[in-house]
Amino acid sequence: MDGDGDPESVGQPEEASPEEQQEEACAEEANGGEERPEDDGEGEAAYLDELPEPLLLRVLAELPAAQLVQACRLVCLRWKELVDGAPLWLLKCQQEGLVPQDGPEDERDHWQQFYFLSKRRRNLLRNPCGEEDLEGWCDVEHGGDGWRVEELPGDCGVEFIHDESVKKYFASSFEWCRKAQIIDLQAEGYWEELLDTTQPAIVVKDWYSGRRDAGCLYELTVKLLSEHEDVLAEFNSGQVAVPADSDDGGWTEISHTFTDYGPGVRFIRFEHGGQDCVYWKGWFGARVTNSSVWVEP
C-alpha cells in the first residue's frame, strides 16, 4: 500500500504468527540491524527542481499563497525568483478566476500584490445598511430625535434599485445626526509594506436621499490617518443640499478614490450625517445606506 488511499477504506493488517515474527527477527539480524533510511523529501525537491519552468510554475501555483511566500521562496534561489516573479501570480489569478484565462499577461507588473489585494477585496465597513441597527458605528451624534433605521422605501421615498439586497436605511432628524467608523487596515490584513509602497487605491462610496415632502442636508467626510491618527489625506463633500422633490426623491451616489496618498496610512475614518431643512419633529432629514470602503487591487 502506497499510503495514498482513503484511510477509512484500507483494511487493518493481520497480526503476524509467532513463526513469521521469528523469521522477521532473523532477517533483521542478517542485515546487521540496520534501519532503512527514511525519505527526507530531498529526492522530491531535486526532482521538482529538474522540471522545466512552465511545469514547475504549474506545480507551485497549486500551493496556498501563504506557503509560497513563507516557505517555498526559501527552498533555493530558483524557487525564490519564481515566487517573486509575475508569471506564477498571474497563473494563480487566472486559476482562481481573478482575471480572464486569456487576458493580457504584460499589463501589470505586480501580480503578487494584485492577487493578495483581490483575495482581500470586500467592503470594510460594518453594517452599512442598518440591518443591525447602529452596531459597528461609533461617535454617534443623535441630533433632534436621533438616528432611526427604517425599511425601504419609507414614507415619501423610493426603492433602492441599485442593489436588491439593500432593504433598510438610516434616517436623520431635525438637527445634525452623524456617525462614523474607523477601519484598522493592518487588522483587516493589509501589511505596512503594501500600504506604504504599493499604495493601493482606496475607494469610498455612499448613497443618500431626501424625502419628496422635505428638503435636507447631507455631508460625507473621509480621512486617511497615520498610526498616531494624524490626517494624511482627506475628502469632504461639503454640505449637500437635497431639495424637496415631489417627482423624484431618488438615491444619489457620492464617491471618492484616494491614490498616491504617501506612506504611513494605517486607519480610515468614515463619517457621514444629515438633517432636515424644515425643522420638523421626527425623521425628515437625509437618508443614507449602502456605504462602502474598498481597497482595490
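Backbone N, Cα and C atoms are what each Cβ position is placed from, and that goes for glycine too.
Residues or ranges marked as region 'Disordered' by Swiss-Prot: 1-42.
What Swiss-Prot lists as domain 'F-box' is 45-92, and the listing cites sequence analysis.
The annotation domain 'FBA' is assigned in Swiss-Prot to 114-297.
Counting every protein chain shown, 15 other Cβ atoms lie within 10 Å of the Cβ of Asp213 (carbohydrate binding site). Among the features that Swiss-Prot reports, carbohydrate binding site is placed at Arg211, Arg212, Asp213, Tyr279, Trp280.
Summarised by DSSP class, the composition of the domain 'F-box' (45-92) is 38 helix, 0 strand, 10 coil. When other Cβ atoms within 10 Å of the Cβ of Arg212 (carbohydrate binding site) are tallied across all protein chains shown, the result is 16. Largest Cα-to-Cα span within the carbohydrate-binding set Arg211, Arg212, Asp213, Tyr279, Trp280: 15 Å. Residue environment of Trp280 (carbohydrate binding site) contains 16 other Cβ atoms, counted within 10 Å of its Cβ in all protein chains.
In this structure, Arg211 (carbohydrate binding site) is part of a beta strand by DSSP. Here the binding-site residues are Arg211, Tyr279, and the one whose Cβ sees the fewest other Cβ atoms within 10 Å is Tyr279.
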